[in-house]
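Asks: Following this message is one structure expressed as structure tokens.
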Amino acid sequence: MIPVRIGHGFDVHALVTGRDCIIGGVNIPHSHGLDGHSDADVLLHAICDALLGAVALGDIGKHFPPTDMRFKGIDSRELLRHVVRLLHDKGYLVGNIDATVICEAPRLGKHTSQMCMNIASDCDVAIEQVNVKATTTEKLGFTGRSEGIAAEAVCTVYSK
Ligand SMILES: Nc1ccn([C@@H]2O[C@H](COP(=O)(O)O)[C@@H](O)[C@H]2O)c(=O)n1
Ligand SMILES: C[C@@]1(CO)OP(=O)(O)OP(=O)(O)OC[C@H]1O
């Protein structure tokens, strides 16, 4: 068994009216929310993909197809906890997670510590093992025009 593995995840969701803006399990007050089959938590989806990638288990769409009504409106923290169980079943534990959310608005600085707490709890790790950052794209591109929000995540996992 490979003792340490890394994973990478990337996700994008469109910003629309009439939806909640849930990022890292935090419902952030904002004029627009994120569109998707689930609660569209772009950050948790990038983290799920990083963890799945680290243990070569495919991607989020393979495990939770967007055509499956069981996942309509689902809280992505449930998806993350399921992914962590799969990782444990494969004999691995989460090492650390570092993630970046990319958007002009909402401002995320005051919410990142709660996001880290949610992620650490769902991944069964200490808060020191999780980091969430935010950046803009200086008004450039689809994130710069606030058409959507992107997130990237990298993680390490290690064998039990
Ligand atoms: N949605 C965001 C974007 C950024 N921040 C914080 O602002 C800092 C500067 O952003 P730049 O895009 O100019 O690098 C960034 O480091 C974050 O701390 C934010 O809170 N919310
Ligand atoms: C999370 C899932 C669940 O059906 O739905 P979406 O909210 O559309 O999110 P996406 O990042 O496109 O990943 C696909 C699905 O697995």
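Glycine is treated like the rest: Cβ placed from N, Cα and C.
Note: TrEMBL annotation is automatic and uncurated.
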Asks: Which of His45, His63, His82 shares the divalent metal cation site with Asp11, His13 per TrEMBL?
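Replies: Looking at His45, His63, His82, the one TrEMBL places in the divalent metal cation site next to Asp11, His13 is His45.
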Asks: Please check the recorded positions Asp11, His37, His45, Ile60, Thr135, Thr136 against ligand 1 and give me the ones with CB under 6 A, sequence order.
Replies: Thr135, Thr136
Asks: Of the binding-site residues Ser38, Ile60, Thr135, which one has its Cα closest to the Cα of Asp11 (divalent metal cation binding site)?
Replies: Ile60
Asks: Looking only at Ser38, Thr137, the binding-site residues on record, which one has the least crowded Cβ, with the fewest other Cβ atoms within 10 Å?
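Replies: Looking at the binding-site residues Ser38, Thr137, the Cβ with the fewest others within 10 Å is that of Thr137.
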Asks: Sequence gap of 6 or more, Cβ distance under 8 Å: name the residues on the same chain that satisfy this around His37 (site 'Transition state stabilizer'), in order along the sequence.
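Replies: Expected: Pro66, Phe71, Lys72.
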Asks: Around the C-beta of His45 (divalent metal cation binding site), how many further C-beta atoms are within 10 angstroms, looking at every protein chain?
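Replies: Here the count is 28.
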